[in-house]
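> Could you have a look at this structure, given as structure tokens, before my questions?
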Amino acid sequence: MPEKVLDLFDEITIEPDKYTVTVLFNACAKLANDRGMKIGKKLLEKMPRNFRNEDVLLISAMHMLIRFGDIQNAENLFPSIKNKNIITYATMMKAYVQNQMSEKALDLFEQIELNLNNAAYTIVFNACAELADDRAMKIGEKLLDEMPENLRNDNVVLTSAIHMLMKFGDIQSAQKLFQSIQKKDIVTYGAMMKGYVRNQMPEKALDLFEQIELDLNNVVYTIVFNACAELANDRAMKIGKKLLNKIPKNFRNDNVVLTSAIHMLMKFGDIQNAEIIFQSIKNKNIITYGAMMKGYVENEMAEKALDLFEQMELHLNNVAYNILFNACAEVANDRAMKIGKKRLDEMPENLRNDNVVLNSVIHMLIRFGDIQNAENVFQSIKKKDIITYGTMMKGYIENQMSEKVLDLFEQIELNLNNFAYTFVFNACTELANDRAMKIGRKLLDEMPENLRNDNVVLNSVIHMLMKFGDIQNAENVFQSIREKDIITYGTMMNGYIENQMSEKVLDLFEQIELNLNNFAYTIVFNACAELANDRAMKIGKKLLDEMPENLRNDNVVLNSVIHMLMKFGDIQNAENVFQSIKKKDIIIYGTMMKGYIENQMSEKALDLFEQIELNLNNFAYTFVFNACAELANDRAMKIGRKLLDGMPENLRNDNVVLTSAIHMLMKFGDIQNAENVFQSIKKKDTSTYGALMNGYNMNGLSRKCFKILEEMLEENIFPDEIIWSILIGACSKIRLLRRCQYIINQIPLEIQNKKPIQISLIHMWGKCASIEKAQNVFQSIVDRDTMTYTAMINAFGLNGMGSEAIQLYRKMPNNLRNEISHICVLNACSHSGLLQEAWNIFNDIPLKTEKIYTTMVDCLSRLFLFDEAENLINEYEKTNKPSLVMYISLLSGTRNNRNRNLSENIYNRMKCLFPNEKQDLTSGAILVSNIYSSVGEHELAKTFRYNQIKELGTNVKLGLTWTEEFTAHDHSHPKSSKIFSELERLTSEAIAHGYECDPSWVTRQLKEGETNLSVLCGHSERIAIAYNFVEEPDTKFIQVTNNLRVCGDCHQMTKIIAKIRQCHIIVGDANRIHHFNPNGQCSCQDHF
């Protein structure tokens, strides 16, 4: 009854003797409250000098000061005790240990020259356990080895020794010591189990628990619950829940035990029972609230953590603040920001020096996106530790600010821990630039040995090296890991995928003898999707069949399954997997839509889109726009435009989405709105420029691509390989040598030497009539593939070099020939009139497709062999649906032959077979009307053309020719008077050399004042040729391009002009290239 002792002291009027003072010191020590501290310290200050030689009194004074937490004054008093015994030393050492001053406890231990008692052994072992450094290990292990026999049966001492060895990580010695104890008590079992849990061996803790035949104490209950929480597997759940059900009544009011039970249930995901236990606790403390809130956060129920926080009426401790800030970070919504920032403002001063709390504050602010205030908090911390640096670096990484991570790393003067190494490696991975590679590799070279066995660190190293493209060193690090876990395998496989080495993923997968996690399943499915070959299909489908049930509810895994099956073309099973998913998210819908698009099933993508009741993300918008672009029909236009109009503001700054919108509008032919979207983009990149240029190419506005290139260069945005490819495509469409050479001169050599670009260049030079340059590119390619050969064959064909095309086709390895190469060589035969060669090749083709038949029909039609062409069509239709393109080819031949009856029959059959193909029927109607005109029936031609176009509701393509751009009878050019004067001169010269106009090529009725000659002389290609002579009268080379097929009269006229003016004239029409030579001959040999 220490309070009564002090009451009596207050009544004493005489000076107390040394015995009374000793009693008073002991009473004050027991109370250790404000009154006790005041009285005890006052007594000590006024203690007579002669009392200061009394060891018993001084020891009680020292004990009192230690109880007050006044270690400094206890230390000052300790040297004045003359006859220190082992209890005196033990008391001081215990004080040091209890106040986290274990180094001082060991300093004092090393001064002792007395035999230690059991209490002293226990305290020194505890000090060594607390420190667990080299010095502590040396002292502790030596002391244990020299411990006298009489103490080797003392459970208290041995329990502290077990605790110490477990803290040293010396599990084997701890186990031996435990086994040596003859009469184990529950405290000994508890120490051993706690050691297992601390050393990540909770299974062993449960093994030991199942051997216990003693009544459990509260500590053991707590340890077993913690072990079960750590494991959270079936065995742990069974043991934990059974133990909880049998817990005696006296422990059902023990907050420590119940808090560990809550923690365990939360780890099991058993929120309901955790909440029941929490509600059962009568006197909830801050630790209980903390455990509950932490459980909510770990179960992704941070909102509930905030609800619970708002019910609390207790003062928060550092742990509760830490959990609260973490909960706010997890939620990161308006409510969380309000609570988190308010609590931060109200946080007491003593916690503003607590690094653990401040680390959670930094984490919270970074999750709020409030980098500035996070940096302010970071700067305010006086003694930053490596965890604080790590928290800040992690935040920068999460906010895509990896350069700042490296800046911060270079300021650190502390030893890095495993987390810091991981964060720096991850930042280097994210950047993968020269600075990052230098820092990452240097850090790896200097990494201490103890971290070379840390899988988490080494996984981040592998990931970094893979991002650097340093496969060899990544493989070396992987091979160095002794105990590879599934995450290590996953990191390595993911690296292979990122480096387009999916075959290696499957090789590595087949070596794994561990159970796969969801990440590994996802990677393997992605690798199979990437390859989509027989091996990949076999592995992917087998893996899917054997996949455990728990992963059949994992959306990330199932998403990769759908992606894989779509890549395999297995639409049915992809749809089955999709239907099996109970809670479909927008990513799942996006993957399914993407799969439909890749399998040319864009209608299904739109059907699925119309079922979605979720908010679309940027990927979903992109996929729908792409589906609409692919279809470009009335439904697609309606959906695409409506979706674009209703698109939220946050996506109007997303370049990927806007790029797909530009592509869609260009596919709709809506150039104006595509340009408007492009102009709205604040930070244009190569992708947005590429989409616009590609759209111009699609819509016959290729010249605009070159203006866009100039704009790019002005903005210091330099073309990448894709942009150059688009520009080469634009050159291919314009087909003007000077323009092509200008563009090619700007392409860096390293890009010119890439095979896709080389193939594009062969196409371009071929279409620009520069066969020599096309051949030079072809010859420079060492490893020629199907596309390389096909591009060159096509170039020969376009330029009327059928024999050269056939010769190259014959040299082409059989295994490289495919449908496209067959079509190109047959086209070459067609354009050169090589009928027998075409038949020979056609008959040798093992699998004849619709396009191959069509090309052969075209060849026959160009030679006016209509019976044979019709027979071939009939042969095809015995086993296939009719093909519109075949009939168009046949009809084109009748135009050149002026076969009116046959053309009418073919056109009527087209209308019957293909009533919905309005644009193609319009082209057919124009051909028929031109045939009417060619036989002099101009009124019938006019009426037929008008009626058909009106009925079909389509527009007619305007004929254009460009060096500059001209239409027929075009007087819009500033030099048009000079151009038409030159045209008259050319016509007069041609007539003088035998030219006679062919009125059959006049496709409309003459207007008043017109003649057949004046109409034909107004054709756009003649105007373009005249323009070239105006610009350079003595030119020896002219190149013009026409978007329609050249007419027979212009063909004859151009041959004569080339001969008269001794000029090489190249005319590229819609089908081929005509080289008009100065000898008056054309390369097509009049097969056009």
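Including glycine, each Cβ sits where the backbone N, Cα and C put it.
In case it helps, TrEMBL gives these features for our protein:
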- 994-1087: domain 'DYW' (DOMAIN)
- 85-115: repeat 'PPR' (REPEAT)
- 185-215: repeat 'PPR' (REPEAT)
- 285-315: repeat 'PPR' (REPEAT)
- 354-388: repeat 'PPR' (REPEAT)
- 454-488: repeat 'PPR' (REPEAT)
- 554-588: repeat 'PPR' (REPEAT)
- 685-719: repeat 'PPR' (REPEAT)
- 785-815: repeat 'PPR' (REPEAT)
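Describe the structural context of each listed feature in the structure shown, including burial, neighbouring residues and relevant distances.
Within its own chain, the repeat 'PPR' (85-115) is flanked in space by residues 55, 59, 62-63, 66, 69, 71, 74-75, 78, 123-124, 126-128, 130-131, 135-136, 139, which lie at least six positions past its ends and keep a Cβ under 8 Å from the stretch.
Averaged over the repeat 'PPR' (185-215), the predicted model has a pLDDT of 94.
When Cβ-Cβ distances below 8 Å are used as the criterion, the repeat 'PPR' (285-315) is approached by residues 255-256, 258-260, 262-263, 265-267, 269, 271, 274-275, 278, 323-324, 326-328, 330-331, 335-336, 339 of the same chain, each at least six residues removed from its ends.
Within the same chain, residues 318, 321-322, 325-326, 328-330, 332, 336-337, 340, 344, 347, 394-396, 398-399, 401, 412, 414-417, 419-420 sit at least 6 positions outside the repeat 'PPR' (354-388) and bring their C-beta atoms closer than 8 Å to a C-beta of that stretch.
Sequence-distant contacts of the repeat 'PPR' (454-488), counting only residues of its own chain at least 6 positions beyond either end whose CB sits under 8 Å from a CB of the stretch, comprise 418, 421-422, 425-426, 428-430, 432, 437, 440, 444, 447, 494-496, 498-499, 501, 512, 514-517, 519-520.
With a cut-off of 8 Å between Cβ atoms, the residues of this chain six or more beyond the repeat 'PPR' (554-588) that come close are 518, 521-522, 525-526, 528-530, 532, 537, 540, 544, 547, 594-596, 598-599, 601, 612, 614-617, 619-620.
For the repeat 'PPR' (785-815), the DSSP counts in helix, strand and coil order read 25 helix, 0 strand, 6 coil.
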> Which bits of the chain, at least 6 residues beyond where the repeat 'PPR' (785-815) starts or stops, bring a Cβ under 8 A of a Cβ in it?
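Residues 755, 758-759, 762-763, 765-767, 769, 771, 774-775, 778, 821, 824-825, 827-829, 831-834, 837, 841, 1072-1075, 1082-1085, 1087.
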> For the repeat 'PPR' (685-719), could you work out the same-chain residues 6 or more beyond its ends whose Cβ comes under 8 Å from its Cβ atoms?
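Residues 655-656, 658-660, 662-663, 665-667, 669, 671, 674-675, 678, 726-727, 729-731, 733-734, 739, 743, 960, 962, 965, 1043.
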